[in-house]
Amino acid sequence: VGPFCYVSCLLELWQYNETIIRSLTALDIITMVNRTVVSSVSGVDVQTLLGGDLFYNDQGMLTAAAATYITWVLKKESDNSDAAEFERVMIVKALGGHKNISGTYVYASRSFDDEGYGAINSDYKLLFAGFSIVFLFILLSLGKFNLMEQKIYLSLAGMACVGLAILAAYGLATGFGVMYSPIQSIMPFLLLGIGVDDMFVIIESWKNLTPEEEKLSVPSKLAVTLSKAGVSITVTSLTDVVAFGIGATTTIPALSSFCIYATLGIFVLYVLVSTVFAGVLALDERRRQAHRDACLCCYRHSDNYTPNRCGSGKSFLQTVFGSLYGPFLTKLPVKIIVIAVTFSLAALGCWRFVQMKQDFDLINYIPRTSYAYTYARTKQSYFNRDGVDATIYCSSLNYFEERDHLKEMHSRISQSHFVQKGTINSWFTTFTAIAQQSGWNITSETQFYSRLYSFLQTPTGQRFASFIKLNSTSEPVSMLASYINLRHTRQPDSAHDVMSMDNIRDIIDTSGLPKFGGKDMPEYMCFAYSRDYMTFETNKVLQVELYRNLGMSAAAVFLVTLILIANLWTSLLVFVCVIFTIVDVGGALEMWGVTIDTASSILLTLSVGLAVDYSAHVGHTFMTVSGSKNDRVIVTLKLIGPAVFNGGFSTFLAFVLLADSASYGFQMFFKVFVTVVVFGLFHGLAFLPVVLSLIGAEPYKHSDEVPSAYKHPDEVPSSMSVLVNKSSTEDSENHISEQKGESLPAGHTEVNKCCTISCGE
C-alpha cells in the first residue's frame, strides 16, 4: 500500500516510524487512538483492531483494551513457496511470544493444511491398525484351528480384493476427472465393511453345505454355494451401487464426488468377491482335499491326519444363533419387548433427528491441541463481534453515471446489521468525500476519471491502488473493475451466516446497477464474494440435499430389494428396517453433538448403504426356508446370522481405534459407523426376525427343494422315520400300509416325508 507493506496494525498510526514509536508516552498513544477514526495506511477503523474488555474514562475516551490483532496481506504469486516459508517463520516467532505480552496467538493460510490434515495423516496409523485387526478377525472367523483347515491365504485374498477395489475406484474416478477431497479417505473403510460382509456370507453358505453336497466336485460345490449366497450379496451390492449413484446427482460437489468414488468401488468389489475370492475359495478346497498344509502348501499331511477337536468342531456362532438365540427370540414375551424397544427407539430417534442443527464450523476439523484451534477460540473470545470478511466486486460499468446507485448501495450496506460498523473499506466513499471537501465540480465522465487518477497519486489514494483496475497507467484512463472490502458481524450459526450473505447480495441486486446477460440468467455488474461464501452456499442447500438424498436412496433400496428378493412384503419389511436404522442413527448423532455439515451428510448417506446389508441377508434367507414361521426364523438366524454378525463386528473393529482420534473428522467416522453397526445389527438380527415370525411372507415355491438340513436347527436328515405308538394310530397305520403295499414292523409306523400324521400324547 504505497511505500508500506499491507499490514493492519496499530503501529500504522505512526507510519511505522521507529523513532516516533519509541518516544511515545501512554497519553500520546491514547490520544492518537481516540483521534484517528480510519487509518491512513490500510483504511481500517482503528478501534476494530482492539478487542476484549474496552475501558473508557469519564470523558468517554478509550483508555485500555485487552487485546489487539495484526493482519498481514501477502502478495499472490504463481509460486507460493516464498509466502509459505514466510508464514512458517512468522508462526514460529509468534508462538515464541514476548516477555511483555501475556499471550500471542497466530493463524496463517497454511495453518489449516498443517494442523487439520496433519492430524488426519497422523491418525492414519490408527486406520491401518484397524485394517490389521479386521484381517486377524477374518482369519479367525473363516477357518478352523487346525493345520489343514485354516484359511490364511483365503483371508489374504479377501483383503486383496478390498485393496484392488480401492485402487480401481481411485484410478477410475480420477481418470474420469472426478474431484478428490479429503473425505474420500473414509472410502477404504466403507469398502472394507461391505467386502468383509460379502465374504462372510459366501463362507457361511460354504459351511452349510449338506453331507450330500460335500461329496460333489469342487466346481459343483462352488456352484451350489454361489447359488445360495449370490442373491444375498447381489441384493446388498446392487442396492449400495444404486443408493450411491443417486447420491452422485446432488448439487454439492464433495458429496457428489464421494458417491461416484463409492459407486465405482462397490461395483468393482462385487465383481472381485464373486470371481477372485470365490476362485481362491475353490483352490483352497482343492488344497484341503489334497491334505496339504494350510500355511506350507508344499507340505502334505498323511491320509490318517485327524484335526484336533478343540478348534475343528461345529461353528460356535451357528450353535448360539440356532440353539440359543433363535428359540429365545421366538418366545412371545421377547417379541413384545423387541417390538416395543424398536418403536421407542424410532420415536426418540425421529424426534432428535429433526432437531439436528445445520451448523458448519471449520475450526472443529482442527485438533484441539493445535495452535490454530487455540487462535480461533481466543479470537472468538476477544473479538466476538467479528464475522467473516467479504468483498464486493464491480466490473466495467460507467462509474460516473452510476454514482448515485453506488452511493445508495454503500449507504444500505453501512446500515445493515449484518455488517460490522467501521469495517467497510471503500475507495468510492473516500474519493467522494475528498471531492466534496476539495470543491471539485465533476460534470463529465472524462473529468470523473481524471480526478480519480489524481486521487490515486495522493497518500490517501495510494492505499486504494490495488482496489481499482485501470485500463492504462497514464491519462486518459477508464476503470475496468474495482472492489470494496467489508466484514460481517459474527452470526450465531450457519443459518444466520446464510442470511448475512443473502442480505448483502440482495442490497447489491436491488441497488439499480445495470445487468448483463439474458433474461433467463440475470447477472449483475456488481456481486459479493468471500471464501466463506462457498461454505455458506453449501449450508444453504445442505439440509434439503441431505433429506433428498436419504429419501431417494431409501426408495432405490426398496426398488432393488423388491426386484431381487422378489417379494413385496419381505422387501417392505427390509425397507422399514433400513428407515428405522437411519432414523436411529440420525437421532443418536444429534444427541452426540453432531451437526449437519458436508461430512455428516456424506456419512448419513453412506449409512443407507450399510444399513441395508444387515436386513437384506436375513429377509432373503427367510424366503428360502420352509416350515412354520418360528422355525423358519430360527433356521434363518442359524444360516445367515453368523455372517451378518461377523460383518457388522468387523466393521466396528475397523473403526474402534478412532474413538480417541485427534481428528474431528475421524471421530465423526467412528460415531457414524458405530451407530450404524449397533442399530443395523439390532434391526437385522432382532426386530426383523421377530416381525417375520409374526407376519412373514410365505416361502418361495421352490423352497421345499432346499435340503431339510436347512429347514430345522436340529438338522433332521432328509429320509425321516417317525416312530408312533401303534395303538393310537392303528387306522393311519393300516391306511399307510395299504398305500405302500408292504408290511410294517410290529408296533411301528414308517411315514414318508410327504405324509402328515396327527397323533395324541
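Cβ from N, Cα, C; glycine included.
Annotation comment: TrEMBL describes 123-283 (among others) as domain 'SSD'.
Summarising the annotation, TrEMBL assigns transmembrane segment to 126-146 (among others). A Cβ distance under 8 Å defines the sequence-distant neighbours of the transmembrane segment (126-146), meaning residues of its chain 6+ beyond its ends; these are 152, 154-156, 158-159, 188-189, 192, 196, 199-200, 203, 294, 307-308, 310-312, 646, 649-650, 653-658, 661, 666.
Feature annotation from TrEMBL assigns transmembrane segment to 152-173 (among others). Residues 131, 135, 138-139, 142-143, 180, 184, 187-188, 191-192, 195-196, 199, 257, 260-262, 264-266, 268-269, 272-273, 276-277, 280-281, 284, 294-295, 297 of the same chain lie 6 or more positions beyond the ends of the transmembrane segment (152-173) yet place their CB under 8 Å from a CB of it.
Annotation comment: TrEMBL describes 223-246 (among others) as transmembrane segment.
Sequence annotations record features per position, and here TrEMBL assigns transmembrane segment to 258-283 (among others).
Marked as transmembrane segment by TrEMBL: 332-354 (among others). Only residues 6 or more beyond the boundaries of the transmembrane segment (332-354), in the same chain, are considered here, and those with a CB under 8 A from a CB of the stretch are 580, 583-588, 590-591, 679, 682-683, 686-687, 690-691, 693-694.
According to TrEMBL, the feature transmembrane segment maps to 556-583 (among others). Listed by sequence, the residues of this chain that lie at least six past the ends of the transmembrane segment (556-583) yet keep a Cβ under 8 A from its Cβ atoms are 231, 234-235, 238-239, 242-243, 245-246, 342, 345-346, 349-350, 353, 550, 604, 607-608, 611-612, 614-616, 619-620, 622-623, 676, 679-680, 683-684, 687-688, 691-692, 695-697, 700.
For the domain 'SSD' (566-694), the predicted model reports an average pLDDT of 86. Among the features that TrEMBL reports, domain 'SSD' is placed at 566-694 (among others).
Note on the transmembrane segment (589-612): residues 183, 186, 190, 193-194, 235-236, 239-240, 243-244, 247, 252, 254-255, 258-259, 262, 266, 352-353, 355-360, 494, 538-539, 542-543, 545-546, 549-550, 553-554, 557, 561, 574, 577-578, 581-582, 651, 665, 668-669, 671-673, 675-677, 679-680, 683 of its chain, located 6 or more positions outside it, place their CB under 8 angstroms from a CB of the stretch. Feature annotation from TrEMBL assigns transmembrane segment to 589-612 (among others).
According to TrEMBL, the transmembrane segment annotation covers 633-657 (among others).
The transmembrane segment annotation in TrEMBL covers 669-695 (among others).
Outside the transmembrane segment (669-695) by six or more residues, the chain places 186, 189, 193, 326, 329-330, 334-335, 338-339, 342, 345, 569-570, 573-574, 577, 580-581, 584-585, 588-589, 592, 594, 600, 603-604, 606-607, 610-611, 613-615, 617-619, 622, 629-630, 632-633, 636-637, 641, 644-645, 648-649, 651-652, 654-656, 658-659, 661 with a CB less than 8 A from a CB of the stretch. If one looks beyond the transmembrane segment (223-246) by at least 6 residues along the same chain, the residues whose Cβ comes under 8 Å of a Cβ in the stretch are 194, 197-198, 201-202, 204-206, 208-209, 213, 216, 259-260, 262-263, 266-267, 269-270, 273-274, 278, 281, 549, 552-554, 556-557, 559-561, 564-565, 605-606, 608-609, 612-613, 616-617, 620-621, 624, 640. For the domain 'SSD' (566-694), the DSSP counts in helix, strand and coil order read 113 helix, 1 strand, 15 coil.
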